[in-house]
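According to TrEMBL, the feature compositional bias 'Gly residues' maps to 1-12. Annotation comment: TrEMBL describes 1-40 as region 'Disordered'. The compositional bias 'Pro residues' annotation in TrEMBL covers 29-39. Here TrEMBL flags GLU108, ASP124, LEU126, ASP127, ASP251 as Mg(2+) binding site.
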Amino acid sequence: MRGACREGGTGPGTRHSHAPGSHSVTDPLPDPLPAPLSDPLPDELLSLALEAARRAGELLRDGRPEDLAVAATKSSPIDVVTEMDIAAEKLITGFLAEARPDDGFLGEEGASTAGTSGVRWIVDPLDGTVNYLYGLPTWAVSIAAERDGETVAGVVEVPMRGETYRAVRGGGAYCGDRPLRCRPAPPLEQALVSTGFNYVEPVRRHQAEVARLLIPRLRDIRRGGSAAVDLCDVAAGRLDGYYERGLHPWDLAAGDLIAREAGALTGSRPGEPPSRDLAVAASPGVFAPLQRLLDDLGAWHD
């Protein structure tokens, strides 16, 4: 694996303490005895998600024409990207449905079935479409598994960075085999924060105004272009925080779990979970002041 994923204390033998509305990492434990009553399902779901994401990542990486602008059989480069997006989702859902035919699906490209098992897969086959279109490396395959409405496993595959992020609820977050931990919290004015912008002009204008008012209060702002990767970068300690309005469940599900399992806090407006109105993720010392500031600036509305 390439990439400088930050090592931390979230591997085996680490207890996770869940304060109200947050997930954080606390004191290490001695090596435990095997727990025969532990639930194997999340690990099984994670293994399936890892393989599905790997296959989809290879499809997208190897199937992208060298020059999308001159793709001979398509009316525009966007058509090629859309075709790859759909093909990747079909690969993922087909693989998972063959392994677990009773599960439900929620996918960006239209895969939506209820299922009967209590497990639902939330799939973004290509998060960072514009980056993919332009040949930038920051795009990802994002797959999460919900059980009874709670995310229990998540994978974010970033093929062009050679990174695979994964987490199981209560089991820590990893990049490959390396445990992740979010950065020690700096003061807000020294925090590096990422965001994203909507493509609807009036919404975009308001988001730009929020960013203009926010920048003087931070070290700086980045715009990476993939929500899933931004959340993993918070988990890996490359960012102190991230916020965005207008995200869908498939944008958030896997990356949110990975960030929380790396010790980050996530939410929306104060006291609310991440939502389409606003998603915020940050290291514990940055989260509350960033959340309050975003609320004051109206980042949760258009």
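Residue 1 is the first one shown; counting continues down the chain.
Cβ from N, Cα, C; glycine included.
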*Given the binding-site residues GLU108, ASP124, ASP127, ASP251, which one's Cβ is surrounded by the fewest other Cβ atoms within 10 Å?*
GLU108
_Secondary structure of GLU108 (Mg(2+) binding site) (DSSP, helix/strand/coil)_ = coil
*Give the number of CB atoms, excluding that of LEU126 (Mg(2+) binding site) itself, located within 10 Å of its CB.*
27
*Excluding GLU108, ASP124, LEU126, ASP127, ASP251 themselves, which residues in that chain have a Cβ inside 8 Å of the centre of the Cβ atoms defining the Mg(2+) site?*
VAL123, PRO125, GLY128, THR129, ALA140, SER142, ALA227, ALA228, HIS248, TRP250
